[in-house]
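Here is what Swiss-Prot records for this protein:
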DOMAIN    71-110  domain 'EGF-like 1'
DOMAIN    265-322  domain 'EGF-like 6'
DOMAIN    324-360  domain 'EGF-like 7'
DOMAIN    649-808  domain 'Laminin G-like 2'
DOMAIN    810-846  domain 'EGF-like 11'
DOMAIN    872-1051  domain 'Laminin G-like 3'
DOMAIN    1131-1168  domain 'EGF-like 14'
CARBOHYD  239  N-linked glycosylation site
CARBOHYD  271  O-linked glycosylation site
CARBOHYD  442  N-linked glycosylation site
CARBOHYD  672  N-linked glycosylation site
CARBOHYD  693  N-linked glycosylation site
CARBOHYD  789  N-linked glycosylation site
CARBOHYD  803  N-linked glycosylation site
CARBOHYD  889  N-linked glycosylation site
CARBOHYD  929  N-linked glycosylation site
CARBOHYD  1006  N-linked glycosylation site
CARBOHYD  1138  N-linked glycosylation site
CARBOHYD  1155  N-linked glycosylation site
TRANSMEM  1222-1242  transmembrane segment
């Protein structure tokens, strides 16, 4: 390479880029060309302002000017000073007026007003006049615009240490707290200056005080003035005595204690005085005295605290445990064991069957479980007994019983195998009522009422009777076993079993098994035994503990065999007898079975009978009593007869206004009297019964104000509670004892007396019905009847009657017709009822009905009240003003309150009425924290209650527990609860809501929701007005307060679904001021705002779950499985089907289906997929390939989509900037850059051209300036690039 010499520029080649740069520079500097370079315009003729003041110059086209009047007039010269406003005045062009700013005056506002002339500064302040205002310079102690305010020098709290500041004029004074002084209480007073501490005590100054340090002085007290008593602090331990000295003390110790303060407890046990392992106990230990485990007797005392005691182990004794004790001396070995004495102990040698330290334990041979095959082991002394199951026997149940093999028992008998003395056998266990080797003999027989059977049995030293029986009778003799001296009787008394042992006819012992009725007709097993002076009664019954009841008692001497009623050495037994009727079986005396053929008397084999009370034979609810072979009906009054079909006839007194009466003659009735009868009447007064002797009444029973009263001579009246004049039948029963009765007299009057005036004292003659009159259970008939006996009992005698009507007959109460306004009358007993037409109601159809006329407009409904109506409706409230009602015209009692509401407000008022009379005249109900709260006349609802702010309807009912009481608890029923909730505290009534001074009742304060029916007592609140032109005639009702706003009728929640808040097509459901969205399958969330993940619950049993756009899922199954959830295995298919191997792969059939041999690069059950699909890079535009279940998937990069990422996304995006405002400058910048780049390229090309290639100087260069100056300059050698 040749050397490069200096660049040589030609005069014409370098001018072009310079010209181009100059051009660009001129274009850039053109907007900033100075205005001076532009030729000036010709000056106007008006520039010199040639016109007079008040006129303005106007140039003309000819180059001259004219002076015209100016709109500024005289203001053109700015005559007004100090910022005043100048306004021209009138036609005179030189006139003007100045409007001064505040603080100046004069024609030209040239005068400054002196604001200090009025002396505004107070308290000697100096006034400084300023423009438009003044300024006060205040003296010390004052401040403010006019020095009007006195400065509070105490505001800066100058007084320290809690001092009090007293403000003055321009000053302050501090009142210091005790212990401080100074102008600002900054000085702490030194109380030690007076040297208050005596006896050399050191004084320490405190705030408002001092403290004396009396250490090492021998003195104490606040000023060290008292001598210290060293013994006062009880320095001596262990109850030692203290001797006081000056600044010293001395302790006198008890024996066993030492030390300066007697604090050392001398250890007497340190020398180990107790031998043979004895425990040494010091007497100075207080824990060893008193208590349950005390070692030393009595209470602890320091006077006896010296010394020790040895607690010796077993086998040793003495003060130091040096003596060996003979443990066998006390005979410790039990149950025949022999004792051997040992050092510090003994050894017992036990008899067989016992063990333990003292042979106290009976060895349980059953612990080894010797009984086989489920046998039960019972321990005995030195042995055991096995209770074997039925199939096994032997000592340890090891022998299988075979006695029943090849043998059968007839009927219902059970074969029981046996094993005795090594031999197998069997016996038949017979069911009850049978006997014999093969249970072929019947032991059951019957005994009828009024007869008995008997037999003889051998006598024995002991006595036992066992039998089974059944009966339905309450009482009767079951069995009697006796000899000439003694008898044992088994009876039923009130259906209860009882055993009686008698001697010489006198009962010696009676045993009873109470509370078990045995007359139920079932079989019962009973046993009674007399053995070793004890009588025992047993009963097998399911009502007994363990199904066995036992009663027993001692007998002085048991019965002995003596000369019996039969042959010598026998007992007589009697079964049945008297009223007993029933059956017996398995009767045994001392184990001897009595068969029916061995008995004498009327013996009926078997136990056959028909249920006499089936079907029920007793009418009118009569009780059927089973008497074994027949029945008896216990009839309710007033029925009687064998089957209760006959009714005792009633007697009607006073029918049609007649005067009725009946009488009976009496004889001796005994000391007691019971009167009973049926009564039916609607009259509140009248004579019922009167016992009299001639004209003197001894006992009178009568009606007074609907109550039954009984009055006798010398006794206070008796009143039966309740009312008896309601027209219903009542059974009346009166009982009198001997102390309540005197001579009743000879006659009984019923319903009246034969002279009506004689009954006025007791309400007059009776009107009504009397039936089944009985005296001491003796029936007194009002009418003769074939049912009555022909002869009267000795206590009574037939009397006479007047104007009685048989049967209980009613008056014709519908004649004349009592029903008004077309009502139909219907007769009831001595009363009537009316069926009214549509527009009338009431007992006699006299009250008008308003609601059929539809006086209320929908949605309100009409509700009838006395003499009128009320329009009730549901109403909607939206935080508006409350609805106000008043009950000033209500006089009836308000028994309670009902209220229905629904809301979602957690804080809202429901109802309120507050008076100045106190808590018992207030009521409020509200929703607090979502629960019901309130105060009802002083009773407070318990909190918290159930949540009610849930948008559902809730119904509240409040009532007093005792309505008539002055103060009572209030009870709350919420939403129809069966059990009320009691409010806390006693409350008054709701009387403050009614009458002339009624307290206004406010509904729905700050309430959003609906109110339903609201009622106080029987008066609903009229939330809706009646139809126009309709007026309710109700005398008592609540009315809306004048000016109370009208309510919005109907219950409507807010428009929560309009517009619908549910996204993505969800359906909005209105839940009353709340909503719920029913989302489609692809969405979820409160507003369907969350895309649902159908794969969240892993629905696919196998394979992978993929979410579909419609919100459902799709399971992509692995090979070999199919179905919506990949649950089902793919069924085998043959090679001859269409769905076999793909791409010509050979197919091989087998028992499990087809098997395809896939070509290279293919895979799958049918060779339907690529073996390694991602190796071919199927994903375009930078997508990522992955394999799932043998199929490839492409995960595309941003901006692409599709199966192979081949689709370019063309979603338009909004421009974040204005296009034109950015594009034009950008284009200009690009153009400029292009020009600069072009220029740079040209220069670079020129440079390359100059520095590369072969250099040939041109003609101009040869004749250039450098050659022309050869004679002057030394030209360097030329260099050229070769």
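Backbone N, Cα and C atoms are what each Cβ position is placed from, and that goes for glycine too.
Overlay of Swiss-Prot feature records on the structure.
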residue : record                      : CB count, 10 Å
239     : N-linked glycosylation site : 14
271     : O-linked glycosylation site : 9
442     : N-linked glycosylation site : 17
672     : N-linked glycosylation site : 12
693     : N-linked glycosylation site : 13
803     : N-linked glycosylation site : 17
889     : N-linked glycosylation site : 15
929     : N-linked glycosylation site : 12
1006    : N-linked glycosylation site : 14
Rounded inter-Cα distance in Å - residue 693 (N-linked glycosylation site), residue 1006 (N-linked glycosylation site)
80
Consider the glycosylation sites 239, 271, 929, 1006 and say which one has the Cα lying nearest the Cα of residue 889 (N-linked glycosylation site).
1006
Determine how many residues of the domain 'EGF-like 11' (810-846) DSSP places in helix, in strand and in coil.
0 helix, 12 strand, 25 coil
Tell me the residue counts in helix, strand and coil for the domain 'EGF-like 6' (265-322), as DSSP assigns them.
6 helix, 13 strand, 39 coil
Which of the glycosylation sites 271, 442, 1006 has its Cα nearest to the Cα of residue 672 (N-linked glycosylation site)?
442
If you compare CA-to-CA distances from residue 271 (O-linked glycosylation site) to each of the glycosylation sites 239, 803, 929, which comes out shortest?
239
Summed over the domain 'EGF-like 7' (324-360), the DSSP helix, strand and coil counts are 4 helix, 13 strand, 20 coil
Taking DSSP states H, G and I as helix and E and B as strand, how many residues of the domain 'EGF-like 1' (71-110) are helix, strand and coil?
5 helix, 10 strand, 25 coil
Where does residue 803 (N-linked glycosylation site) sit in DSSP terms: helix, strand, or coil?
coil
Between residue 1006 (N-linked glycosylation site) and residue 239 (N-linked glycosylation site), find the distance joining the two CA atoms and give it rounded to the nearest Å.
79
From glycosylation sites 239, 442, 803, the one whose Cα lies nearest residue 929 (N-linked glycosylation site):
239
Residue 239 (N-linked glycosylation site) to residue 442 (N-linked glycosylation site), Cα to Cα, whole Å, comes out at 97
Under a three-state DSSP reduction, the secondary structure at residue 889 (N-linked glycosylation site) is coil
About how far apart, in whole Å, are the alpha carbons (Cα) of residue 442 (N-linked glycosylation site) and residue 803 (N-linked glycosylation site)?
69
Could you please provide the mean pLDDT value for the domain 'Laminin G-like 2' (649-808)?
86
